[in-house]
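Visitor: Dumping the structure here so I can ask a few things about it.
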């Protein structure tokens, strides 16, 4: 037993899990509002991180300005995607919508490789201090900042859905589109807004990961890791998404620990969440907090 | 049997409704088409033949996926993993047990079908989006298994294999392998067309159209969903085995998620729920990168090429074109090439009185 390693991995799991939670939240946001399963969520992270990297290195902008421009760009990006690609597919069968988002995913992943190359590129340093000591463990400042950012986004979401007008409109649309429409909510606007917000929030997560690990196409794998998280939490529960994300983050790090200590199979870090995913789907497909679908003929 | 379909619906008997060839002309057209294809090795060079062979084995696997997705309505994002399984099983059987390659191919199909049934049994409870996610997980798990199982796949080095031999005649050149692939394509496509005329085929379609109503009419949902998974795996396995003995080398990395998505793309571009559409979709997906390459070659040396670095990034360009093709087809032609083909046929049949 290597307690220090276990502690370190648990901490890593919490931090990465919080990021998964953020991405899962923005995934659930789109699903809840417009019933679209977005297989291109990871590409949102990728595009956001690359755009921010481009502003910071090619344009030499200070971090706050580049970050702000990135968010504005991602908002427009999400809006355009929804209006151009997803809007014509409203009312089409599930498979068409899934395939459209998969197509988007391939397209943007290849486009990013074309523009920025296949190699990981580091962000310019943002924090003066590289590492800090917390509870006797060496923690990178960026990790702490990322945890802070994740918590901030989660709190922001909480406020948005509880108190703001647009958030309430979104919840109403998710509950029943016709009722929402009859009360004066513009459903197309809500759909577009959900995509814009989701793109922005994912981009924040993408930038955070990019600052920690450098930007590369590996970022889009976050979009796939989202599935274990959202299925575990329940597809239409924001709270479930956060919790699912943290659990998946912990799970993969603990799987890595068990593997490195005893099993030595290798690659458990990547695969363990998918085994968990299959198990959950077989036992409790609606997850911890998801609403159970009742179908009538 | 008439030469042309008469105006209006004249299918008065049950037999007329389930016939494969509605008119005499359609049967003649198929036979003439097959005869022309048999002459292909005399006309085409190696490059065109290798494209045709690719269309053949990918078309078989795409047809399997179409039976699952288009006819039964069950989504699978893990088809390439089963395709790879077929390739590895065939190569493994030949090397380990010295089974003749010609026998290996159908055996690989059956083994893959059995494994598909094992995977399909739990998947029978799931549908729609949950199934899509479960098969996505299966794709990653199988991919991981391929990389891990050194005894079976040869690990990172991959596995070499040999060409089929029949009575001392080796199918080791494109000309001869083309006939082998063609034979399998004919058998598998006739099999699928006949399946759709049978009781089981109609049950699959009923499950797709409304699974609750189907269940009320006495169709065993779990049985037919599992069966459909098994059939899809059988087709994938045979396609994969043909692929293995054509390339003579099976690499672990080949069967990734992108390949699975390409299969789905073939099915969607060809037309969901259309047997011939699967072949058209496979042809489209095989030709697409080639056309991209031609386009890039045309522009080679020009200002556009220099500005965009087309030559160096052609592989990314191909991926982008695949993604774009899927999206454009979904938006502008959701019923795929099969519908376009029907429209073209109808146009010529009624010419010049098409309205």
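Yeah, the Cβs are placed from backbone N, Cα and C, and that goes for glycine too.
TrEMBL does not curate its annotations; it predicts them automatically.
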Visitor: What range among B:10-27, B:28-45 does TrEMBL record as transmembrane segment?
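Guide: TrEMBL lists transmembrane segment for residues B:28-45.
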Visitor: In the same chain, who gets a Cβ under 8 Å from the transmembrane segment (B:28-45) while lying at least 6 residues past its ends?
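Guide: Non-local partners: 21, 52, 174-175, 178-179, 182, 186.
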Visitor: Out of B:51-69, B:76-93, B:128-147, B:266-288, B:308-332, what stretch is closest in contact terms to the transmembrane segment (B:177-196), meaning most Cβ pairs under 8 angstroms?
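Guide: Most contacts with the transmembrane segment (B:177-196): B:51-69.
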Visitor: Can we call the transmembrane segment (B:128-147) and the transmembrane segment (B:76-93) in contact, meaning three or more C-beta pairs below 8 angstroms at a sequence separation of 6+?
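Guide: Yes, the transmembrane segment (B:128-147) contacts the transmembrane segment (B:76-93).
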Visitor: Ranking B:51-69, B:99-121, B:266-288, B:308-332 by the number of C-beta pairs under 8 Å to the transmembrane segment (B:76-93), which range is first?
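Guide: The listed stretch sharing the most Cβ pairs with the transmembrane segment (B:76-93) is B:99-121.
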Visitor: Sequence gap of 6 or more, Cβ distance under 8 Å, 3 or more pairs: do the transmembrane segment (B:266-288) and the transmembrane segment (B:99-121) meet that?
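Guide: No, the transmembrane segment (B:266-288) does not contact the transmembrane segment (B:99-121).
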